[in-house]
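As annotated by TrEMBL, domain 'WH1' applies to 1-108. TrEMBL lists 112-170 with the feature region 'Disordered'. The annotation compositional bias 'Polar residues' is assigned in TrEMBL to 136-145, 155-170. Annotation source TrEMBL lists coiled coil at 200-331.
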Amino acid sequence: EQPIFSTRAHIFQIDPNTKKNWVPTSKHAVTVSYFYDSTRNVYRIISLDGSKAIINSTITPNMTFTKTSQKFGQWADSRANTVYGLGFSSEHHLSKFAEKFQEFKEAARIAKEKSHEKMELTSTPSQESAGGDIQSPLTPESINGTDDERAMPEVTQNSEPRAEPTQNALPFTHSSTISKHWEAELATLKGNNAKLTAALLESTANVKQWKQQLAAYQEEAERLHKRVTELECVSSQANAVHTHKTELNQTIQELESTLKKKEEEIEGLKQEIENARELQAQRDSLTQKLQEVEIRNKDLEGQLSDLEQHLEKSQNEQEAFRNNLKTLLEILDGKIFELTELRDNLAKLIECS
C-alpha cells in the first residue's frame with residue numbers, strides 16, 4: 001500500500017454505549033492518510049498514534065462522508081461497527097478531505113463494477129489486467145505533505161524616528177494625535193464588527209437549523225399524540241397500550257424539554273444580534289466623529305499655513321528693518337568721525353589764537 005494523500009486532524013469515535021456522544025481517540029492532532037492497495041484494488045483510511053492504529057477503514061461505494069460543521073466531518077464504517085469523526089484546523093482542510101473521500105469512493109465503485117464484469121466474463125480471456133484498469137486518481141503533489149506543515153515567513157516592520165514638532169506646529173500635532181487615536185479605535189471596532197458579523201451569520205444558520213429541528217420535533221410530537229389516540233381505541237390491548245402510552249408520554253416530555261432549551265438558545269442568539277446592532281451604531285457614530293475630526297484637522301492645517309506665511313512675512317520685514325538700522329549706524333559713525341575731526345580742528349585753532 002502507498003499513501004496518496006495525508007492531512008492532520010483530531011480523531012473521534014462514537015460512544016458504543018450511547019451512540020450519541022463522541023469519544024476522542026487521540027490526545028492531539030495526528031496524521032490521517034489515504035492508502036491505495038494495488039493488489040486488492042481498494043482504498044483505505046489509516047491513522048497511527050505511535051504504533052497503535054486508531055483508524056483502519058476500507059472505503060466502500062455505499063459509504064458517505066458528512067460535514068456536520070465548518071471544521072468537523074464523519075462517516076460510518078459498518079465493518080468496524082463504528083462511526084469515525086475528524087476535527088480539522090480549517091474549513092479548507094475539511095473540504096479537501098471530503099473531496100478526496102468522494103473521489104476514492106467513486107474509484108472504489110468503478111473498481112467493484114469492473115470486478116463484477118470480470119467475474120461474469122471468466123469464459124472470455126481478458127485483454128487487460130484488473131490492476132491496469134485502476135489508476136490512482138491523485139497526482140504526486142498530494143504526497144508531498146499537508147498545507148499546515150508549511151511554515152509562514154515572519155514579517156517585521158521598521159519604525160522610523162519622528163522629529164520633534166516646533167512651537168508653531170503644536171495645533172497640528174495635537175490634531176494628528178486625536179485623529180490617530182480615533183483611527184485606532186475605529187480599526188478595533190472594525191475588527192470586532194467583522195467577528196460579530198461572522199458570529200451573527202453562524203448564529204443565523206444555527207437558528208435556521210434549530211427551527212427545522214423544532215418543526216421536526218413538533219411533527220413527531222403530533223404523530224405520537226395521534227398514535228396514542230389510536231392505541232387508546234384498541235381495548236383488547238389495554239395493558240400494552242398503557243405501557244406504550246407511558247413511554248410515548250415520556251418521549252413527548254423529553255421533546256418538549258428539548259424544544260424549551262432550543263427556544264432559550266434562540267432568545268440568547270436574538271440578544272447577541274441586538275448587541276451586534278448596538279456595536280454597529282457605535283461604529284457609525286465614531287466614523288462620523290472621525291470625519292468631523294478630519295474636517296477640523298484640515299481647518300487647522302489651513303490656519304497653520306496662514307501663520308507660516310505671516311511669520312515668513314514678519315521675518316522679511318525684520319530683516320529689512322535690520323538692514324536699514326545697519327545703514328543708519330554706518331552713516332552715524334561717519335558723521336561722528338567728521339564731528340570728531342571738526343572738534344580737533346577747532347581745538348587746534350583755539351590753541352593757535
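Backbone N, Cα and C define each Cβ position, glycine as well.
Counting residue by residue with DSSP, the domain 'WH1' (1-108) contains 18 helix, 53 strand, 37 coil. For the domain 'WH1' (1-108), the model's average pLDDT works out to 90.
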